[in-house]
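Features of the protein shown, as given by TrEMBL:
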{"type": "BINDING", "residues": "GLY34, GLY35, HIS36, ASP54, PHE80, ASP98, GLN105", "note": "S-adenosyl-L-methionine binding site"}
Amino acid sequence: MIPGKHIPVLLSEVVDGLNLKSGSVVIDATVDGGGHAMEILKKLGQEGKLIGLDWDLSMIEKLRSELSGEGRVKLFHSNFSEMEKVAGPFRPDAILFDLGLSSLQLLASGRGFSFKSEDGLGMTFDFNQKPNAEEFIRTANVKDLEEVIRKYGEERFAGRIARAIERYRAKKRIASAKELAEVISRVVPRRGRINPATRTFQSLRIYLNHELENIEIGLTGAWKIIKPEGRIAVISYHSLEDRIIKNFFKEKAKSEEGKLINKKPIIPGREEILKNPRSRSAKLRIIEKI
Ligand SMILES: C[S@@+](CC[C@H](N)C(=O)[O-])C[C@H]1O[C@@H](n2cnc3c(N)ncnc32)[C@H](O)[C@@H]1O
């Protein structure tokens, strides 16, 4: 079951920034519940096409049933690292990546993405992705746990957290995300309203889903297939991702293969953050292929 609603982030900035025209072919590499996709479709006219990818099969199935009568849309259960293969002969005019996790996934039961989740500790976008968080937390040695939490969560209490996990699991298997969040909260001081497990959860998600590698491969593939004068827009939500995107775009601009549409990342205004707190860390970068 997928309850709730996901509010698309920087919606008008993305749609305007992609420079869409009637008849454009667009790839939404992270289509999820279709928040951006629905708005993109409004700009494409009857001749346009939208190819939507998501690594989470439940998202693709949900959207397929909602858009069953929409002939302009093709949806694929795929990692965006496979984009070249999925696009086949299509050469898109625009590609969007809206990285990370959606509110729909956070609220969905059995996924283990949320601190409150009592029915699972998966944390992978694709159910078949191995190991999942439960397996990793159960089997990794304490040094590897510490390294993942430090490297991908930039968590200064990584050592303390890894040791707390080791002590706890010697007595009992950590079976849910809620249980893991409780183990962490006992050894990490609370920082304001932010949950003490935030950085650890982020690190596990990035590591288990190979998120940083996927971005590199996804951007490289997107660059190969995008048409000249086509645009790529990427929304990221933390600094490790943003650094990869910034460097990739910078290199393309330096070699005069691409033109940066915005020198500094576009970020949400106060009003958007108030309406949708999840948008607070978003950064949008756009590049045009020359
Ligand atoms: C923030 S949501 C996108 C929300 C969407 N733009 C909207 O407004 O409805 C990110 C989506 O990317 C998907 N995702 C994450 N990594 C992926 C990957 N490597 N390949 C394809 N989809 C991925 C997730 O499953 C999730 O559905």
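Cβ atoms are placed via backbone N, Cα and C, with glycine included.
Remember, TrEMBL labels are computer predictions, not curated facts.
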What is the Cβ neighbour count of GLY35 (S-adenosyl-L-methionine binding site) at a 10 Å cut-off, with all protein chains included? 21
List every residue in the same chain as GLY34 (S-adenosyl-L-methionine binding site), at least 6 positions away in sequence, whose Cβ is under 8 Å from its Cβ. ASP28, GLY52, LEU63, GLU66, LEU67
If you count other Cβ atoms within 10 Å of each one's Cβ, which of the binding-site residues ASP54, PHE80 has the most? ASP54
Fewest other Cβ atoms within 10 Å: which of the binding-site residues ASP98, GLN105 wins that one? Let me know. GLN105
